[in-house]
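Worksheet: one structure, shown below.
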Amino acid sequence: AEMATREWKLRQTLESHAGDVTGCDFTGTTLATCSNDKTVRIWLYESGSFTESSASPLVGHKYGVNAVQFSPLGTALASCSIDGSVFIWNVQSGEVLGQLQHRSEAALRCCSFSPSGALLATGGDDETLVLWDVATRSLMRALGGHGALVTACSFSPDGALLASASSAGDLRLWDARYGHGSCLLTRSEAHDLGATGCHFSPQFEASLAHGTLESSYLLASCGNDDLVRVWQVRMAHRCSLWPQWTFEGHSGNVMCVRFAPGGQLLASSAGDKTTMLWDVGTGEQLQRLTKHSRYVPCCAFSSDGEFLATGSNDRTVVIWSQADSSSSNSSSPGEGHEEKPKPQPQPQPKEGVGVAAVGRWSVDQVGEWLEGLGLGQHRMAFEEHAIDGQELLHLTHEGLSNALHVDALGTRARLLREVQALKHPLWRHLPPAGEEDAALPEELFCPITQEPMRDPVVAADGYSYERTAINRWLESGKETSPMTNELLEHTMVLPNRTLLLLIQKYLR
């Protein structure tokens with residue numbers, strides 16, 4: 001879906017908002033938008049077009065809404081406002097599930113769910129980044145240090161890091177594991193005149209070098225210096241950050257950056273009324289989208305990478321979709337793009353059970369996958385609806401419930417987690433435990449069972465355990481750490497995605 005040979009064209013214009021559109025986000029092909037008209041709106045993609053949900057608009061904020069983000073499973077939506085509140089909404093019904101507020105009651109500018117959905121980060125005019133426990137709606141940690149209003153925040157795809165940007169122009173990286181919240185790195189002059197946005201690429205690498213776990217990420221940022229920057233982030237014994245690309249091309253302050261799901265395509269939207277598309281692999285500017293008549297504060301890709309939404313101060317949201325470049329010559333310049341030299345095809349992800357391989361699965365192979373998960377009872381429904389690999393990758397919570405009649409919430413959540421796992425190019429299925437166990441590094445073994453971990457989670461003591469083992473420990477009434485024997489601050493466990501990825505790579 002991200003091939004550089006495909007051009008983005010105007011698909012649809014959404015015009016329901018009565019004020020500047022300030023934020024947008026996708027889950028699957030369901031779109032959320034927010035505006036300084038105090039509302040959040042939900043748009044469903046049905047029969048080839050986006051229409052507003054019956055639950056929309058979501059009304060509750062007293063002042064303009066600055067940002068929206070869906071939870072990883074798409075069932076909840078967070079919105080933050082100038083009124084200082086964060087609302088968490090039920091996407092399907094539009095009901096308010098919870099309301100949060102910084103102690104300062106200052107205006108809030110950004111919100112971001114962790115990949116596990118267990119944490120929510122919010123930032124605003126009180127110069128503070130706050131970590132919330134989503135399940136209990138309680139404040140876990142307030143992170144100070146920016147010295148200016150916090151304009152953007154983004155979790156790394158494994159949930160280990162949290163990036164934030166401020167109007168002073170600095171970028172900060174925080175330890176998001178276990179809710180510690182310590183500042184690992186500050187880049188004080190990332191953008192002259194202030195940083196306005198940051199976003200981690202959904203793709204990352206993890207490796208074990210000299211007994212040390214090392215993770216590598218890409219982070220994009222933008223600012224009032226009219227620039228987009230892409231940074232290499234590396235996390236091992238210490239955290240490091242250095243510039244990979246500086247993209248010049250906007251003639252106004254850049255207000256938002258968003259990676260596409262595959263991580264090879266980056267969109268930036270700006271005060272020059274345009275949205276730019278960049279190839280992160282080559283550093284090439286691919287396309288300039290020019291439909292809006294005023295500032296473009298926000299942009300977002302759909303989960304399948306097929307749609308790009310841009311929101312503007314002209315009160316519209318424009319939906320762009322891709323078309324083959326072979327048909328682009330027949331389009332007129334008025335359709336919102338400029339002709340570009342044909343770029344080189346981008347490199348494909350590494351072979352494996354990645355997106356490309358799953359996308360070629362037949363209906364029967366999807367059925368076998370369900371059987372392997374122990375969910376064979378749903379195979380007939382999947383076959384009746386001709387769910388092949390492509391359709392599987394685009395499944396949503398609503399589709400599972402309404403079309404495929406997967407009624408149990410837990411089963412729907414598990415299926416979507418398994419699909420997310422399939423989408424990662426580095427994903428590998430674990431083989432059965434066997435002789436290779438002896439060669440595994442010690443940190444891949446659960447301290448409780450002394451067996452290789454398959455579903456590693458991090459507890460409040462900072463140690464990783466097999467999920468079932470630590471759950472049994474806690475359910476038995478124990479309130480202390482299995483490793484230190486000290487009292488645990490809480491009983492929440494978070495998936496250790498970096499360790500899981502390493503296990504996959506080590507045992508493949």
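Each residue, glycine too, has its Cβ placed from N, Cα and C.
Note that TrEMBL annotation is computational and uncurated.
Copied from TrEMBL, the annotated features are:
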| type | residues | note |
| --- | --- | --- |
| REPEAT | 14-53 | repeat 'WD' |
| REPEAT | 58-99 | repeat 'WD' |
| REPEAT | 101-142 | repeat 'WD' |
| REPEAT | 143-175 | repeat 'WD' |
| REPEAT | 247-288 | repeat 'WD' |
| REPEAT | 289-330 | repeat 'WD' |
| REGION | 322-354 | region 'Disordered' |
| COMPBIAS | 325-334 | compositional bias 'Low complexity' |
| DOMAIN | 361-425 | domain 'SAM' |
| DOMAIN | 439-508 | domain 'U-box' |
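Per-class residue totals from DSSP over the repeat 'WD' (289-330), listed helix then strand then coil: 6 helix, 18 strand, 18 coil. Away from its own ends, the repeat 'WD' (14-53) comes close to residues 59, 61-71, 73-74, 77, 79, 81-82, 87, 89, 91, 94, 294-295, 297-304, 306-307, 309-313, 315-319, 394-399 of its chain (Cβ-Cβ under 8 Å, at least six residues beyond either end).
Taken through DSSP, the repeat 'WD' (101-142) splits into 0 helix, 24 strand, 18 coil.
Residues in the domain 'SAM' (361-425) partition by DSSP class (helix H, G, I; strand E, B; coil) as 45 helix, 0 strand, 20 coil. Sequence-distant contacts of the repeat 'WD' (289-330) (same chain, six or more residues past either end, CB-CB distance under 8 Å): 1-2, 5-15, 17-29, 31, 33, 35, 43, 45, 50, 252, 255-256, 258-262, 265, 267-271, 273-277, 336-339, 342, 393-394.
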